[in-house]
């Protein structure tokens, strides 16, 4: 099985691409070069709604619009950018074409703009359409694969299915609000807003995260079109943990909040405890490894805290989203950009920019979580948390966007 994506421990051979050459790199099967920066800008747009609301620039509460943009725009750009780059390499199939990348990008940006202007149904439609295009492209290539994907990638498929089913159900919410039980819409939002992110994080993480710490990869198998020995038990275990996550959404939908949050935390911990031998990882392995540790800790910790204090779930979920999903997204994206930009020698470096991004996202999380405990200054805390997130994101974009145009000559 292909194990070189995206890590190669060697000195860089690099060249900054001209604009014309940049688009050729995107067209050559590296959609992350377009989707990562676009997703970052969409994320800044979504988060900037909070300071705009707090300081009187908009007159509507942006909660729903913010969550739609962050899930369907910001994080989806990174998910598709990563999968669109990694998946063909893992399977030894034809890489994604420029037209496909532009289709996803256009749909996701247009959908985010629809949400901004209050057209939630159109935004949900464009998001669901982009996922349908992605699943179709992945299916066509999977049929022609030369290798078997890592067993944990069954969770990626499960997560994409959660997003697609959730998106479809949300499309029916304004059309048939009385003929379909509201419980289905609650489940749809949980599947989309959490399952869509959590399940791929688990599946991709089991394959990718060992590279951050120099650990043996339990998801690596010999290259084979047939299922290699040992693949089925690991895939079955991944599916079992994925089913636990979905079951936790059902519990929460039925108002067993504490049980749902606890089961979700248990499923994440159980899967990573078996697939990631992090207890064997050395502590001092650079900025990216530190950021990865913090993000991995935040996800089950956030759900555990929600199980203990379910009445504060609206605040504590941001432990999962900000210092969990957001930080993990930028950490993985940094490694991808470094690896494909001829700078893999920086994987274990003490990158000041990553320390800065990590610190600001943790600050944003603490500020946002604490806001609900201080109702008299809650709104100002929402604004300050958003500003900390935006500053951290801008730092990441300024540091890594030049590498998006840098060609790795040994790629």
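In case you wondered, yes, glycine gets a Cβ from its N, Cα and C as well.
Database features, via TrEMBL:
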- 34-54: transmembrane segment (TRANSMEM)
- 69-90: transmembrane segment (TRANSMEM)
- 154-175: transmembrane segment (TRANSMEM)
- 195-214: transmembrane segment (TRANSMEM)
- 235-255: transmembrane segment (TRANSMEM)
- 290-309: transmembrane segment (TRANSMEM)
- 315-338: transmembrane segment (TRANSMEM)
- 350-369: transmembrane segment (TRANSMEM)
- 381-400: transmembrane segment (TRANSMEM)
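Residues 286-288, 290-291, 294, 298, 315-316, 318-319, 322-323, 326-327, 330-331, 334, 381-382, 384-386, 388-389, 391-393, 395-396, 398-400 of the same chain lie 6 or more positions beyond the ends of the transmembrane segment (350-369) yet place their CB under 8 Å from a CB of it. Residues 6-7, 32, 36, 43, 70, 75, 78, 81-82, 85, 194, 197, 201, 204-205, 208, 211-212, 288, 291-292, 294-296, 298-299, 301-303, 305-306, 309, 344, 346-347, 351, 354, 357-358, 361-362, 364-365, 368-373, 385, 389, 393, 396, 400, 403-404 of the same chain, all 6+ positions outside the transmembrane segment (315-338), place their C-beta atoms under 8 angstroms from a C-beta of that stretch. Beyond the transmembrane segment (154-175), the same-chain residues lying 6 or more positions past its ends with a Cβ under 8 Å from any Cβ of the stretch are 72, 76, 83, 120-121, 124-125, 127-128, 131-132, 134-135, 184-185, 187-193, 195-200, 202-204, 235, 238-239, 241-242, 246.
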